[in-house]
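Asker: Here it is: the structure, laid out below.
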Amino acid sequence: MLKMGVVLFVFLVLFPLATLQLDADQPVERYAENKQLVSPYERRQIILHALGQRDCCVMPWCDGACDCCVSS
C-alpha cells in the first residue's frame, strides 16, 4: 500500500511540477527592436537615470542638457 502511495505521489505531484514551464522559465520579451534603435548616448542616459546618477558636463560645454557642471 505504501509503494502505491509513493507512486501516486510521484505521478500526481512531482511529475507535473517537473514538466510544467513556469513564468520564470520563459524568455522575457523586452522591446528589443526599440532598444536597438536607441543611440549609445541615449542608452547611457537611460542607464544613468535608472541608477540615479547625474550626468555632469565639463564647464565650457554646460548648455543645460546636463545635470551638473564641473570644471576641468
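Each residue, glycine too, has its Cβ placed from N, Cα and C.
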Asker: Pick from CYS66, CYS68: the cysteine that Swiss-Prot pairs with CYS57 in a disulfide bond.
Answerer: CYS66
Asker: Restricting to the same chain and to residues at least six past its boundaries, which positions have a Cβ under 8 Å from a Cβ of the signal peptide (1-24)?
Answerer: none
Asker: Using DSSP with the three-state reduction, classify CYS69 (disulfide bond) as helix, strand or coil.
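Answerer: In three-state terms, CYS69 (disulfide bond) counts as strand.
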Asker: Among the disulfide-bonded residues CYS57, CYS62, CYS66, CYS68, CYS69, whose Cβ has the fewest other Cβ atoms within 10 Å?
Answerer: CYS68
Asker: Roughly how many angstrom lie between the C-alpha atoms of CYS57 (disulfide bond) and CYS69 (disulfide bond)?
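Answerer: CYS57 (disulfide bond) and CYS69 (disulfide bond) have their Cα atoms 5 Å apart.
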Asker: At the Cα level, what's the spacing in Å between CYS68 (disulfide bond) and CYS62 (disulfide bond), rounded?
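Answerer: Just about 8 Å between their Cα atoms.
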